[in-house]
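Asks: Just lifted these from Swiss-Prot, have a look:
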- 108, 114, 133, 139: Zn(2+) binding site (BINDING)
- 96: phosphothreonine (MOD_RES)
- 144: phosphoserine (MOD_RES)
- 165: phosphoserine (MOD_RES)
- 188: phosphothreonine (MOD_RES)
- 14-17: region 'Interaction with host APOBEC3F' (REGION)
- 40-44: region 'Interaction with host APOBEC3G' (REGION)
- 54-72: region 'Interaction with host APOBEC3F and APOBEC3G' (REGION)
- 74-79: region 'Interaction with host APOBEC3F' (REGION)
- 75-114: region 'RNA-binding' (REGION)
- 151-180: region 'SOCS box-like' (REGION)
- 151-164: region 'Multimerization' (REGION)
- 159-192: region 'Disordered' (REGION)
- 108-139: motif 'HCCH motif' (MOTIF)
- 144-153: motif 'BC-box-like motif' (MOTIF)
């Protein structure tokens, strides 16, 4: 019998991102209880030697599986030390690969609070609108007009620790330009 190959999309990430992801998932599963019904599978529970963990997130009758890997072929950059993440959506016998943005949106559909449809009417009537979105990563780029109006009205509260975001897990933080907060230039060069 000949070998059959399967190709999977694996996002290269650094080891510390994976540790942060594990920590956030476990915190919200066991401490805050916001990720109820999620299932965490350790590396020793997997039959594949390169799988370091799996997080199963139920989405109705389907589920999202975020699988982390170790011992992969290193990438072209020095920090790609053989760690990666795959994101898979499964329903019965069907499965497909997802990108991190879509995974975060699917998680947002089933978990974590957001504005209700009646919130804008309550805001117009002058009532206090208390529901806020806890899961900012689930909103893709620019939100709807309703969402933008409500975020202008109520600043979202900071959740400590933050909720686990698949997009944040797979984000490439080295190839982004560095941003310095609050510095307009050198004080000695400006003469101040």
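Each Cβ is built from the backbone N, Cα and C atoms, and glycine gets one as well.
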Asks: Could you find out if DSSP has residue 165 (phosphoserine) as helix, strand or coil?
Replies: coil
Asks: What same-chain residues, at least 6 away in sequence, bring their CB to under 8 Å of the CB of residue 96 (phosphothreonine)?
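Replies: Listed in sequence order: 88, 89.
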Asks: Mind giving me a neighbour count for residue 165 (phosphoserine)? Other Cβ atoms within 10 Å of its Cβ, every protein chain shown.
Replies: 21
Asks: To the nearest whole angstrom, state the Cα distance for the pair residue 165 (phosphoserine) and residue 108 (Zn(2+) binding site).
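Replies: Residue 165 (phosphoserine) and residue 108 (Zn(2+) binding site) have their Cα atoms 10 Å apart.
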Asks: Three states by DSSP: which one describes residue 96 (phosphothreonine)?
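Replies: DSSP assigns residue 96 (phosphothreonine) to strand.
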Asks: Can you break down the region 'Interaction with host APOBEC3G' (40-44) into helix, strand and coil residue counts using DSSP?
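Replies: The composition, in the requested order, is 2 helix, 3 strand, 0 coil.
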